[in-house]
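Report on the following structure.
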Amino acid sequence: MDVPGPVSRRAAAAAATVLLRTARVRRECWFLPTALLCAYGFFASLRPSEPFLTPYLLGPDKNLTEREVFNEIYPVWTYSYLVLLFPVFLATDYLRYKPVVLLQGLSLIVTWFMLLYAQGLLAIQFLEFFYGIATATEIAYYSYIYSVVDLGMYQKVTSYCRSATLVGFTVGSVLGQILVSVAGWSLFSLNVISLTCVSVAFAVAWFLPMPQKSLFFHHIPSTCQRVNGIKVQNGGIVTDTPASNHLPGWEDIESKIPLNMEEPPVEEPEPKPDRLLVLKVLWNDFLMCYSSRPLLCWSVWWALSTCGYFQVVNYTQGLWEKVMPSRYAAIYNGGVEAVSTLLGAVAVFAVGYIKISWSTWGEMTLSLFSLLIAAAVYIMDTVGNIWVCYASYVVFRIIYMLLITIATFQIAANLSMERYALVFGVNTFIALALQTLLTLIVVDASGLGLEITTQFLIYASYFALIAVVFLASGAVSVMKKCRKLEDPQSSSQVTTS
(Lines of atoms letter the chains of each structure in order from A and count residues from 1; the text may use other names and numbers.)
(Lines give C-alpha, C1' and ligand atoms only; values in the text may rest on other atoms or scores of the structure.)
Protein backbone atom coordinates (compact mmCIF):
# COMPACT_ATOMS: atom_id res chain seq x y z
CA MET A 1 0.00 0.00 0.00
CA ASP A 2 1.41 3.43 -0.97
CA VAL A 3 1.96 6.02 1.76
CA PRO A 4 0.50 9.34 0.55
CA GLY A 5 1.88 12.84 0.51
CA PRO A 6 5.06 14.06 2.27
CA VAL A 7 5.72 10.71 3.92
CA SER A 8 5.95 9.12 0.48
CA ARG A 9 8.41 11.76 -0.69
CA ARG A 10 10.53 11.39 2.47
CA ALA A 11 10.62 7.63 1.99
CA ALA A 12 11.68 8.04 -1.61
CA ALA A 13 14.38 10.54 -0.62
CA ALA A 14 15.65 8.20 2.08
CA ALA A 15 15.76 5.31 -0.36
CA ALA A 16 17.60 7.47 -2.87
CA THR A 17 20.15 8.51 -0.24
CA VAL A 18 20.81 4.91 0.78
CA LEU A 19 21.24 3.81 -2.81
CA LEU A 20 23.58 6.67 -3.65
CA ARG A 21 25.69 5.86 -0.58
CA THR A 22 25.78 2.21 -1.65
CA ALA A 23 26.87 3.20 -5.13
CA ARG A 24 29.57 5.44 -3.64
CA VAL A 25 30.87 2.60 -1.45
CA ARG A 26 30.92 0.23 -4.41
CA ARG A 27 32.88 2.76 -6.46
CA GLU A 28 35.42 3.07 -3.64
CA CYS A 29 35.79 -0.73 -3.48
CA TRP A 30 37.28 -0.90 -6.95
CA PHE A 31 40.75 0.15 -5.78
CA LEU A 32 41.86 -2.91 -3.78
CA PRO A 33 41.06 -5.65 -6.36
CA THR A 34 42.40 -3.47 -9.16
CA ALA A 35 45.65 -2.78 -7.31
CA LEU A 36 46.11 -6.47 -6.46
CA LEU A 37 45.36 -7.56 -10.03
CA CYS A 38 47.77 -4.95 -11.44
CA ALA A 39 50.46 -6.15 -9.03
CA TYR A 40 49.84 -9.71 -10.19
CA GLY A 41 49.98 -8.70 -13.85
CA PHE A 42 53.17 -6.71 -13.34
CA PHE A 43 55.11 -9.49 -11.61
CA ALA A 44 53.72 -12.22 -13.89
CA SER A 45 55.01 -10.24 -16.91
CA LEU A 46 58.34 -9.31 -15.29
CA ARG A 47 60.35 -12.09 -16.93
CA PRO A 48 63.80 -10.79 -17.97
CA SER A 49 64.80 -14.16 -19.44
CA GLU A 50 61.97 -14.37 -21.99
CA PRO A 51 63.64 -12.36 -24.80
CA PHE A 52 66.63 -14.72 -24.49
CA LEU A 53 64.75 -18.02 -24.49
CA THR A 54 66.08 -19.33 -27.81
CA PRO A 55 69.77 -18.58 -27.04
CA TYR A 56 69.27 -20.24 -23.64
CA LEU A 57 67.84 -23.43 -25.15
CA LEU A 58 70.54 -23.58 -27.82
CA GLY A 59 73.32 -22.74 -25.36
CA PRO A 60 75.34 -24.96 -23.02
CA ASP A 61 72.63 -24.99 -20.32
CA LYS A 62 70.25 -27.12 -22.42
CA ASN A 63 72.43 -27.96 -25.43
CA LEU A 64 69.51 -28.52 -27.83
CA THR A 65 69.79 -28.34 -31.61
CA GLU A 66 68.03 -25.78 -33.80
CA ARG A 67 65.82 -28.46 -35.32
CA GLU A 68 64.76 -29.71 -31.88
CA VAL A 69 63.94 -26.19 -30.66
CA PHE A 70 62.15 -24.84 -33.75
CA ASN A 71 60.54 -27.97 -35.19
CA GLU A 72 59.84 -30.16 -32.15
CA ILE A 73 59.62 -27.97 -29.02
CA TYR A 74 58.03 -24.64 -29.98
CA PRO A 75 55.08 -26.27 -31.85
CA VAL A 76 53.95 -27.91 -28.58
CA TRP A 77 52.96 -24.49 -27.22
CA THR A 78 50.69 -23.85 -30.21
CA TYR A 79 48.97 -27.23 -29.94
CA SER A 80 48.43 -27.04 -26.18
CA TYR A 81 47.14 -23.46 -26.36
CA LEU A 82 44.56 -24.45 -28.99
CA VAL A 83 43.37 -27.55 -27.11
CA LEU A 84 43.05 -25.71 -23.80
CA LEU A 85 41.54 -22.41 -24.95
CA PHE A 86 37.84 -23.31 -25.18
CA PRO A 87 37.68 -25.45 -21.99
CA VAL A 88 39.57 -22.74 -20.11
CA PHE A 89 37.22 -20.08 -21.53
CA LEU A 90 34.20 -21.88 -20.04
CA ALA A 91 35.97 -22.96 -16.83
CA THR A 92 37.12 -19.40 -16.18
CA ASP A 93 33.53 -18.17 -16.10
CA TYR A 94 32.14 -21.21 -14.27
CA LEU A 95 34.80 -21.11 -11.52
CA ARG A 96 34.53 -17.30 -11.23
CA TYR A 97 37.98 -16.28 -12.41
CA LYS A 98 40.17 -16.41 -9.29
CA PRO A 99 40.93 -20.17 -9.36
CA VAL A 100 42.01 -19.84 -12.99
CA VAL A 101 44.22 -16.84 -12.16
CA LEU A 102 45.87 -19.03 -9.50
CA LEU A 103 46.26 -21.81 -12.07
CA GLN A 104 48.04 -19.39 -14.38
CA GLY A 105 50.44 -18.35 -11.64
CA LEU A 106 51.15 -21.98 -10.75
CA SER A 107 51.71 -22.87 -14.42
CA LEU A 108 54.23 -20.04 -14.77
CA ILE A 109 56.11 -21.31 -11.70
CA VAL A 110 56.24 -24.85 -13.10
CA THR A 111 57.35 -23.51 -16.49
CA TRP A 112 60.30 -21.55 -15.13
CA PHE A 113 61.28 -24.21 -12.61
CA MET A 114 61.50 -26.73 -15.46
CA LEU A 115 63.34 -24.17 -17.58
CA LEU A 116 66.00 -24.05 -14.88
CA TYR A 117 66.35 -27.72 -14.04
CA ALA A 118 64.71 -29.92 -16.71
CA GLN A 119 66.97 -31.58 -19.27
CA GLY A 120 66.26 -33.34 -22.54
CA LEU A 121 63.84 -32.93 -25.43
CA LEU A 122 60.81 -34.56 -23.78
CA ALA A 123 61.15 -32.52 -20.58
CA ILE A 124 61.30 -29.24 -22.51
CA GLN A 125 58.25 -30.29 -24.52
CA PHE A 126 56.37 -30.76 -21.22
CA LEU A 127 57.62 -27.30 -20.26
CA GLU A 128 55.98 -25.87 -23.40
CA PHE A 129 52.73 -27.62 -22.47
CA PHE A 130 52.69 -25.88 -19.09
CA TYR A 131 53.45 -22.58 -20.81
CA GLY A 132 50.44 -23.28 -23.03
CA ILE A 133 48.33 -23.60 -19.87
CA ALA A 134 49.70 -20.26 -18.62
CA THR A 135 48.88 -18.57 -21.93
CA ALA A 136 45.38 -20.06 -22.21
CA THR A 137 44.50 -19.02 -18.65
CA GLU A 138 45.53 -15.43 -19.36
CA ILE A 139 41.88 -14.76 -20.22
CA ALA A 140 41.10 -14.97 -16.49
CA TYR A 141 43.45 -12.07 -15.78
CA TYR A 142 41.76 -9.78 -18.29
CA SER A 143 38.17 -10.73 -17.37
CA TYR A 144 38.43 -11.03 -13.56
CA ILE A 145 38.22 -7.30 -12.92
CA TYR A 146 34.84 -6.92 -14.67
CA SER A 147 33.22 -9.11 -12.03
CA VAL A 148 34.26 -6.97 -9.06
CA VAL A 149 33.88 -3.36 -10.24
CA ASP A 150 30.98 -1.26 -11.48
CA LEU A 151 30.21 -0.78 -15.15
CA GLY A 152 31.32 2.85 -15.03
CA MET A 153 34.83 1.78 -14.01
CA TYR A 154 35.36 -0.73 -16.84
CA GLN A 155 37.37 1.56 -19.12
CA LYS A 156 39.61 2.83 -16.32
CA VAL A 157 40.41 -0.56 -14.76
CA THR A 158 40.98 -2.12 -18.19
CA SER A 159 43.63 0.49 -18.98
CA TYR A 160 45.27 -0.05 -15.58
CA CYS A 161 45.42 -3.85 -15.92
CA ARG A 162 46.74 -3.77 -19.48
CA SER A 163 49.28 -1.09 -18.57
CA ALA A 164 50.52 -3.24 -15.68
CA THR A 165 51.40 -6.13 -17.99
CA LEU A 166 52.90 -3.74 -20.54
CA VAL A 167 55.11 -2.07 -17.93
CA GLY A 168 56.08 -5.44 -16.45
CA PHE A 169 57.14 -6.83 -19.82
CA THR A 170 59.07 -3.66 -20.70
CA VAL A 171 60.86 -3.50 -17.33
CA GLY A 172 61.70 -7.20 -17.61
CA SER A 173 63.11 -6.81 -21.13
CA VAL A 174 65.23 -3.78 -20.18
CA LEU A 175 66.43 -5.45 -16.98
CA GLY A 176 67.41 -8.59 -18.86
CA GLN A 177 69.31 -6.62 -21.49
CA ILE A 178 71.20 -4.58 -18.87
CA LEU A 179 72.12 -7.65 -16.82
CA VAL A 180 73.39 -9.49 -19.91
CA SER A 181 75.18 -6.63 -21.70
CA VAL A 182 76.45 -4.54 -18.77
CA ALA A 183 76.64 -6.81 -15.73
CA GLY A 184 77.58 -9.93 -17.69
CA TRP A 185 75.02 -12.16 -15.98
CA SER A 186 74.34 -15.63 -17.35
CA LEU A 187 71.02 -16.55 -18.95
CA PHE A 188 70.51 -19.07 -16.15
CA SER A 189 70.55 -16.18 -13.64
CA LEU A 190 67.89 -14.35 -15.65
CA ASN A 191 65.66 -17.40 -15.37
CA VAL A 192 66.15 -17.41 -11.59
CA ILE A 193 64.87 -13.81 -11.50
CA SER A 194 61.91 -14.76 -13.72
CA LEU A 195 61.02 -17.66 -11.41
CA THR A 196 61.17 -15.34 -8.41
CA CYS A 197 58.88 -12.78 -10.07
CA VAL A 198 56.21 -15.28 -11.13
CA SER A 199 56.32 -16.76 -7.60
CA VAL A 200 55.60 -13.30 -6.18
CA ALA A 201 52.72 -12.97 -8.65
CA PHE A 202 51.30 -16.31 -7.50
CA ALA A 203 51.46 -15.17 -3.87
CA VAL A 204 49.68 -11.90 -4.69
CA ALA A 205 46.89 -13.78 -6.50
CA TRP A 206 45.81 -15.47 -3.26
CA PHE A 207 44.74 -12.09 -1.85
CA LEU A 208 42.36 -11.31 -4.73
CA PRO A 209 38.71 -11.14 -3.59
CA MET A 210 36.60 -14.06 -4.79
CA PRO A 211 34.00 -12.74 -7.27
CA GLN A 212 30.36 -13.62 -6.66
CA LYS A 213 29.24 -13.13 -10.26
CA SER A 214 30.49 -13.93 -13.75
CA LEU A 215 29.49 -13.15 -17.30
CA PHE A 216 27.64 -16.32 -18.28
CA PHE A 217 27.16 -19.07 -15.68
CA HIS A 218 26.61 -16.85 -12.63
CA HIS A 219 24.97 -13.88 -14.32
CA ILE A 220 22.12 -12.11 -12.51
CA PRO A 221 19.34 -10.55 -14.56
CA SER A 222 18.73 -6.83 -14.31
CA THR A 223 17.40 -5.85 -10.90
CA CYS A 224 14.67 -3.25 -10.81
CA GLN A 225 12.96 -1.83 -7.74
CA ARG A 226 10.38 0.95 -7.35
CA VAL A 227 9.93 3.39 -4.47
CA ASN A 228 6.83 5.54 -5.04
CA GLY A 229 7.52 6.77 -8.51
CA ILE A 230 11.31 6.45 -8.39
CA LYS A 231 12.81 3.69 -10.49
CA VAL A 232 15.92 2.14 -8.99
CA GLN A 233 17.98 0.35 -11.61
CA ASN A 234 21.45 -1.20 -11.27
CA GLY A 235 22.29 0.87 -8.23
CA GLY A 236 21.18 4.11 -9.91
CA ILE A 237 17.96 6.17 -9.74
CA VAL A 238 16.08 6.87 -12.93
CA THR A 239 12.93 8.93 -13.28
CA ASP A 240 10.07 6.94 -14.72
CA THR A 241 9.13 9.29 -17.54
CA PRO A 242 8.59 8.47 -21.20
CA ALA A 243 11.46 10.76 -22.18
CA SER A 244 13.97 8.95 -20.00
CA ASN A 245 13.11 5.62 -21.58
CA HIS A 246 14.21 6.96 -24.95
CA LEU A 247 17.45 8.59 -23.95
CA PRO A 248 20.45 7.52 -26.08
CA GLY A 249 22.06 4.46 -24.57
CA TRP A 250 19.05 3.42 -22.45
CA GLU A 251 18.90 -0.02 -23.99
CA ASP A 252 22.70 -0.30 -23.82
CA ILE A 253 22.73 0.32 -20.09
CA GLU A 254 20.05 -2.31 -19.61
CA SER A 255 22.05 -4.91 -21.50
CA LYS A 256 25.42 -4.08 -19.96
CA ILE A 257 24.72 -4.40 -16.24
CA PRO A 258 27.64 -4.52 -13.80
CA LEU A 259 28.58 -7.97 -12.61
CA ASN A 260 29.06 -7.06 -8.97
CA MET A 261 25.56 -5.62 -8.50
CA GLU A 262 24.15 -5.69 -4.97
CA GLU A 263 21.65 -8.39 -4.12
CA PRO A 264 18.02 -7.31 -3.57
CA PRO A 265 17.06 -6.63 0.05
CA VAL A 266 15.28 -9.99 0.28
CA GLU A 267 18.04 -12.51 -0.28
CA GLU A 268 17.14 -15.59 -2.23
CA PRO A 269 19.34 -18.58 -2.89
CA GLU A 270 21.11 -18.26 -6.23
CA PRO A 271 19.73 -20.77 -8.73
CA LYS A 272 22.18 -23.29 -10.07
CA PRO A 273 23.40 -22.30 -13.54
CA ASP A 274 21.78 -24.18 -16.41
CA ARG A 275 24.84 -25.19 -18.43
CA LEU A 276 22.90 -26.26 -21.51
CA LEU A 277 20.98 -22.99 -21.48
CA VAL A 278 24.24 -21.04 -21.24
CA LEU A 279 25.68 -22.91 -24.22
CA LYS A 280 22.48 -22.30 -26.20
CA VAL A 281 22.62 -18.58 -25.43
CA LEU A 282 26.28 -18.51 -26.46
CA TRP A 283 25.43 -20.17 -29.77
CA ASN A 284 22.57 -17.74 -30.50
CA ASP A 285 24.81 -14.80 -29.62
CA PHE A 286 27.51 -16.21 -31.88
CA LEU A 287 25.12 -16.35 -34.86
CA MET A 288 23.79 -12.88 -34.14
CA CYS A 289 27.23 -11.27 -33.78
CA TYR A 290 28.78 -12.73 -36.90
CA SER A 291 25.75 -11.89 -39.06
CA SER A 292 26.99 -8.28 -39.01
CA ARG A 293 29.25 -7.66 -42.02
CA PRO A 294 31.45 -4.95 -40.39
CA LEU A 295 32.00 -7.12 -37.31
CA LEU A 296 32.70 -10.15 -39.50
CA CYS A 297 35.24 -8.16 -41.55
CA TRP A 298 37.19 -6.94 -38.51
CA SER A 299 37.00 -10.40 -36.91
CA VAL A 300 38.37 -12.11 -40.02
CA TRP A 301 41.32 -9.72 -40.08
CA TRP A 302 41.82 -10.21 -36.32
CA ALA A 303 41.96 -14.00 -36.65
CA LEU A 304 44.15 -14.06 -39.78
CA SER A 305 46.63 -11.45 -38.60
CA THR A 306 46.89 -12.80 -35.06
CA CYS A 307 47.78 -16.20 -36.50
CA GLY A 308 50.66 -14.65 -38.47
CA TYR A 309 51.67 -12.43 -35.56
CA PHE A 310 52.00 -15.40 -33.20
CA GLN A 311 54.15 -17.24 -35.71
CA VAL A 312 56.51 -14.31 -36.29
CA VAL A 313 56.86 -13.46 -32.58
CA ASN A 314 57.36 -17.10 -31.58
CA TYR A 315 60.11 -17.79 -34.10
CA THR A 316 61.79 -14.40 -34.58
CA GLN A 317 64.48 -15.22 -31.99
CA GLY A 318 65.36 -18.20 -34.16
CA LEU A 319 65.78 -15.94 -37.18
CA TRP A 320 67.97 -13.55 -35.20
CA GLU A 321 70.04 -16.48 -34.01
CA LYS A 322 70.49 -17.52 -37.64
CA VAL A 323 71.57 -14.03 -38.73
CA MET A 324 73.80 -13.37 -35.71
CA PRO A 325 74.56 -16.40 -33.46
CA SER A 326 74.61 -15.39 -29.80
CA ARG A 327 77.74 -17.41 -29.09
CA TYR A 328 79.76 -15.23 -31.48
CA ALA A 329 78.43 -11.74 -30.74
CA ALA A 330 76.48 -9.65 -28.24
CA ILE A 331 72.71 -9.82 -28.64
CA TYR A 332 70.15 -7.13 -27.89
CA ASN A 333 66.90 -9.08 -27.90
CA GLY A 334 65.70 -7.54 -24.64
CA GLY A 335 66.30 -3.98 -25.81
CA VAL A 336 64.46 -4.62 -29.08
CA GLU A 337 61.46 -6.12 -27.28
CA ALA A 338 61.34 -3.14 -24.90
CA VAL A 339 61.58 -0.55 -27.70
CA SER A 340 58.95 -2.28 -29.84
CA THR A 341 56.59 -2.52 -26.86
CA LEU A 342 56.99 1.14 -25.89
CA LEU A 343 56.59 2.44 -29.45
CA GLY A 344 53.63 0.11 -29.91
CA ALA A 345 52.07 1.60 -26.78
CA VAL A 346 52.53 5.10 -28.24
CA ALA A 347 50.84 3.97 -31.46
CA VAL A 348 47.96 2.48 -29.47
CA PHE A 349 47.58 5.75 -27.57
CA ALA A 350 47.46 7.65 -30.87
CA VAL A 351 44.53 5.53 -32.09
CA GLY A 352 42.15 7.65 -30.02
CA TYR A 353 43.04 10.70 -32.11
CA ILE A 354 42.63 9.12 -35.55
CA LYS A 355 39.58 10.53 -37.33
CA ILE A 356 38.50 8.35 -40.24
CA SER A 357 35.30 6.75 -41.51
CA TRP A 358 36.16 3.16 -40.68
CA SER A 359 32.92 1.91 -42.22
CA THR A 360 34.14 3.22 -45.60
CA TRP A 361 37.92 2.99 -45.46
CA GLY A 362 38.47 0.32 -42.80
CA GLU A 363 39.15 -2.57 -45.18
CA MET A 364 41.43 -0.47 -47.38
CA THR A 365 43.38 0.58 -44.28
CA LEU A 366 43.72 -3.04 -43.19
CA SER A 367 44.96 -3.93 -46.68
CA LEU A 368 47.58 -1.16 -46.75
CA PHE A 369 49.00 -1.90 -43.32
CA SER A 370 48.93 -5.67 -43.90
CA LEU A 371 51.09 -5.02 -46.96
CA LEU A 372 53.51 -3.01 -44.80
CA ILE A 373 53.65 -5.91 -42.33
CA ALA A 374 54.42 -8.29 -45.21
CA ALA A 375 57.22 -5.97 -46.36
CA ALA A 376 58.69 -5.77 -42.84
CA VAL A 377 58.71 -9.57 -42.47
CA TYR A 378 60.22 -10.01 -45.95
CA ILE A 379 63.02 -7.51 -45.22
CA MET A 380 63.66 -9.17 -41.87
CA ASP A 381 64.05 -12.50 -43.64
CA THR A 382 66.11 -11.55 -46.70
CA VAL A 383 68.51 -8.84 -45.47
CA GLY A 384 71.28 -10.60 -43.55
CA ASN A 385 71.90 -7.74 -41.12
CA ILE A 386 70.89 -8.07 -37.49
CA TRP A 387 70.14 -4.35 -37.08
CA VAL A 388 67.84 -4.38 -40.10
CA CYS A 389 66.14 -7.43 -38.58
CA TYR A 390 65.68 -5.59 -35.30
CA ALA A 391 64.28 -2.47 -37.03
CA SER A 392 61.90 -4.52 -39.18
CA TYR A 393 60.65 -6.37 -36.12
CA VAL A 394 59.94 -3.08 -34.33
CA VAL A 395 57.95 -1.81 -37.35
CA PHE A 396 56.09 -5.13 -37.53
CA ARG A 397 55.00 -4.99 -33.88
CA ILE A 398 54.02 -1.31 -34.00
CA ILE A 399 51.74 -1.82 -37.00
CA TYR A 400 50.13 -4.93 -35.55
CA MET A 401 49.48 -3.34 -32.14
CA LEU A 402 47.99 -0.29 -33.87
CA LEU A 403 45.64 -2.33 -36.06
CA ILE A 404 44.59 -4.84 -33.42
CA THR A 405 43.61 -1.94 -31.16
CA ILE A 406 41.48 -0.41 -33.92
CA ALA A 407 39.90 -3.81 -34.58
CA THR A 408 39.15 -4.20 -30.87
CA PHE A 409 37.46 -0.80 -30.73
CA GLN A 410 35.40 -1.50 -33.84
CA ILE A 411 34.24 -4.88 -32.58
CA ALA A 412 33.50 -3.75 -29.02
CA ALA A 413 31.74 -0.52 -30.01
CA ASN A 414 28.22 -1.98 -30.23
CA LEU A 415 28.50 -5.17 -28.19
CA SER A 416 27.62 -5.91 -24.59
CA MET A 417 30.44 -7.19 -22.38
CA GLU A 418 29.11 -10.75 -22.66
CA ARG A 419 29.12 -10.71 -26.46
CA TYR A 420 32.49 -9.00 -26.61
CA ALA A 421 33.98 -11.79 -24.49
CA LEU A 422 32.39 -14.36 -26.80
CA VAL A 423 33.69 -12.70 -29.98
CA PHE A 424 37.15 -12.29 -28.45
CA GLY A 425 37.22 -15.97 -27.52
CA VAL A 426 36.00 -17.14 -30.93
CA ASN A 427 38.45 -14.92 -32.83
CA THR A 428 41.35 -16.12 -30.71
CA PHE A 429 40.29 -19.75 -31.16
CA ILE A 430 40.14 -19.35 -34.97
CA ALA A 431 43.55 -17.66 -34.94
CA LEU A 432 45.01 -20.56 -32.96
CA ALA A 433 43.36 -23.12 -35.24
CA LEU A 434 44.96 -21.43 -38.26
CA GLN A 435 48.28 -21.17 -36.44
CA THR A 436 48.12 -24.86 -35.56
CA LEU A 437 47.51 -25.75 -39.21
CA LEU A 438 50.37 -23.48 -40.31
CA THR A 439 52.69 -24.91 -37.65
CA LEU A 440 51.79 -28.48 -38.52
CA ILE A 441 52.51 -27.96 -42.22
CA VAL A 442 55.44 -25.53 -42.17
CA VAL A 443 57.24 -25.92 -38.83
CA ASP A 444 56.58 -29.31 -37.26
CA ALA A 445 59.13 -32.03 -37.90
CA SER A 446 56.28 -34.38 -38.83
CA GLY A 447 55.29 -31.92 -41.58
CA LEU A 448 57.63 -30.07 -43.92
CA GLY A 449 59.93 -28.99 -41.07
CA LEU A 450 61.27 -26.06 -43.08
CA GLU A 451 64.28 -23.95 -42.13
CA ILE A 452 63.64 -20.71 -40.29
CA THR A 453 64.42 -18.45 -43.28
CA THR A 454 61.98 -20.35 -45.51
CA GLN A 455 59.35 -20.13 -42.79
CA PHE A 456 59.61 -16.34 -42.68
CA LEU A 457 59.32 -16.13 -46.45
CA ILE A 458 56.03 -18.00 -46.13
CA TYR A 459 54.88 -15.67 -43.33
CA ALA A 460 55.61 -12.63 -45.51
CA SER A 461 53.59 -14.19 -48.34
CA TYR A 462 50.80 -14.94 -45.86
CA PHE A 463 50.47 -11.27 -44.86
CA ALA A 464 50.67 -10.22 -48.52
CA LEU A 465 47.73 -12.55 -49.23
CA ILE A 466 45.76 -10.93 -46.39
CA ALA A 467 46.48 -7.53 -47.97
CA VAL A 468 45.18 -8.69 -51.36
CA VAL A 469 41.99 -10.15 -49.86
CA PHE A 470 41.13 -6.97 -47.98
CA LEU A 471 42.09 -4.78 -50.93
CA ALA A 472 39.52 -6.59 -53.08
CA SER A 473 36.89 -6.52 -50.33
CA GLY A 474 37.58 -2.85 -49.58
CA ALA A 475 37.34 -1.87 -53.25
CA VAL A 476 33.91 -3.51 -53.47
CA SER A 477 32.76 -1.72 -50.29
CA VAL A 478 33.93 1.69 -51.52
CA MET A 479 32.20 1.21 -54.88
CA LYS A 480 28.95 0.28 -53.14
CA LYS A 481 29.20 3.38 -50.95
CA CYS A 482 29.76 5.58 -54.00
CA ARG A 483 26.76 4.07 -55.78
CA LYS A 484 24.54 4.69 -52.76
CA LEU A 485 25.65 8.32 -52.74
CA GLU A 486 24.98 8.69 -56.46
CA ASP A 487 21.52 7.07 -56.42
CA PRO A 488 19.81 9.71 -54.21
CA GLN A 489 21.33 12.48 -56.35
CA SER A 490 20.07 10.97 -59.62
CA SER A 491 16.62 10.30 -58.17
CA SER A 492 16.38 13.89 -56.89
CA GLN A 493 17.30 15.21 -60.34
CA VAL A 494 14.55 13.11 -61.94
CA THR A 495 12.03 14.39 -59.40
CA THR A 496 13.05 18.01 -60.07
CA SER A 497 12.71 17.64 -63.85
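Each residue, glycine too, has its Cβ placed from N, Cα and C.
Listed in Swiss-Prot:
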{"type": "MOD_RES", "residues": "MET1", "note": "N-acetylmethionine"}
{"type": "TRANSMEM", "residues": "29-46", "note": "transmembrane segment"}
{"type": "TOPO_DOM", "residues": "47-72", "note": "topological domain 'Extracellular'"}
{"type": "CARBOHYD", "residues": "ASN63", "note": "N-linked glycosylation site"}
{"type": "TRANSMEM", "residues": "73-91", "note": "transmembrane segment"}
{"type": "TRANSMEM", "residues": "100-118", "note": "transmembrane segment"}
{"type": "SITE", "residues": "GLN104", "note": "site 'Essential for pyridoxine transport'"}
{"type": "SITE", "residues": "GLY105", "note": "site 'Essential for pyridoxine transport'"}
{"type": "SITE", "residues": "ILE109", "note": "site 'Essential for pyridoxine transport'"}
{"type": "SITE", "residues": "THR111", "note": "site 'Essential for pyridoxine transport'"}
{"type": "SITE", "residues": "TRP112", "note": "site 'Essential for pyridoxine transport'"}
{"type": "TOPO_DOM", "residues": "119-128", "note": "topological domain 'Extracellular'"}
{"type": "TRANSMEM", "residues": "129-149", "note": "transmembrane segment"}
{"type": "TRANSMEM", "residues": "166-185", "note": "transmembrane segment"}
{"type": "SITE", "residues": "SER186", "note": "site 'Essential for pyridoxine transport'"}
{"type": "TOPO_DOM", "residues": "186-191", "note": "topological domain 'Extracellular'"}
{"type": "SITE", "residues": "ASN191", "note": "site 'Essential for pyridoxine transport'"}
{"type": "TRANSMEM", "residues": "192-208", "note": "transmembrane segment"}
{"type": "MOD_RES", "residues": "SER222", "note": "phosphoserine"}
{"type": "TRANSMEM", "residues": "286-310", "note": "transmembrane segment"}
{"type": "TOPO_DOM", "residues": "311-337", "note": "topological domain 'Extracellular'"}
{"type": "CARBOHYD", "residues": "ASN314", "note": "N-linked glycosylation site"}
{"type": "TRANSMEM", "residues": "338-354", "note": "transmembrane segment"}
{"type": "TRANSMEM", "residues": "364-380", "note": "transmembrane segment"}
{"type": "TOPO_DOM", "residues": "381-386", "note": "topological domain 'Extracellular'"}
{"type": "TRANSMEM", "residues": "387-409", "note": "transmembrane segment"}
{"type": "TRANSMEM", "residues": "420-443", "note": "transmembrane segment"}
{"type": "TOPO_DOM", "residues": "444-455", "note": "topological domain 'Extracellular'"}
{"type": "TRANSMEM", "residues": "456-479", "note": "transmembrane segment"}
Helix, strand or coil at ASN63 (N-linked glycosylation site), per DSSP?
coil
Compare the C-alpha of THR111 (site 'Essential for pyridoxine transport') with the C-alpha of each of the recorded positions ASN63, GLN104, SER186, ASN314, and give the closest one.
GLN104
Looking only at ASN191, ASN314, the recorded positions on record, which one has the least crowded Cβ, with the fewest other Cβ atoms within 10 Å?
ASN314
Candidates 73-91, 100-118, 129-149, 286-310, 420-443; stretch with most C-beta pairs under 8 Å toward the transmembrane segment (29-46):
129-149
What residues in the same chain, six or more past the boundaries of the transmembrane segment (73-91), come closer than 8 Å to it by Cβ-Cβ distance?
57, 64, 100, 121, 124-125, 128-129, 131-133, 135-137, 139-140, 310, 314-315, 425, 428-429, 432-433, 435-436, 439-440, 443-444
Same-chain residues six or more away whose CB lies under 8 A from the CB of ILE109 (site 'Essential for pyridoxine transport')?
LEU195, VAL198, SER199, PHE202
Beyond the flanks of the transmembrane segment (420-443) by 6 or more, those residues with Cβ under 8 Å of it:
70-71, 74-75, 78-79, 81-82, 85-86, 89, 139, 143, 215, 282, 285-286, 289-290, 295, 299, 302-304, 306-307, 310-311, 315, 411-412, 449-450, 455, 458, 462
When you look at the transmembrane segment (286-310) alongside the transmembrane segment (456-479), do they share 3+ Cβ pairs under 8 Å, ignoring any pair fewer than 6 residues apart in sequence?
yes
Can you figure out which of ASN63, SER186, ASN314 (the recorded positions) comes closest in space to GLY105 (site 'Essential for pyridoxine transport'), comparing Cα atoms?
ASN314
Do the transmembrane segment (286-310) and the transmembrane segment (129-149) come close, with at least three CB pairs under 8 A (pairs 6 or more apart in sequence)?
no
Cα distance, TRP112 (site 'Essential for pyridoxine transport') to GLN104 (site 'Essential for pyridoxine transport'), nearest Å?
12
Contact call for the transmembrane segment (338-354) against the transmembrane segment (166-185), three or more Cβ pairs under 8 Å:
yes
Which one is it: of the recorded positions ASN63, TRP112, ASN314, whose Cα lies the shortest distance from the Cα of ASN191 (site 'Essential for pyridoxine transport')?
TRP112
Which sequence-distant residues neighbour the topological domain 'Extracellular' (444-455)? Criterion: at least 6 residues beyond either end, Cβ under 8 Å.
66-67, 70-72, 75, 311, 315, 318-319, 322, 381
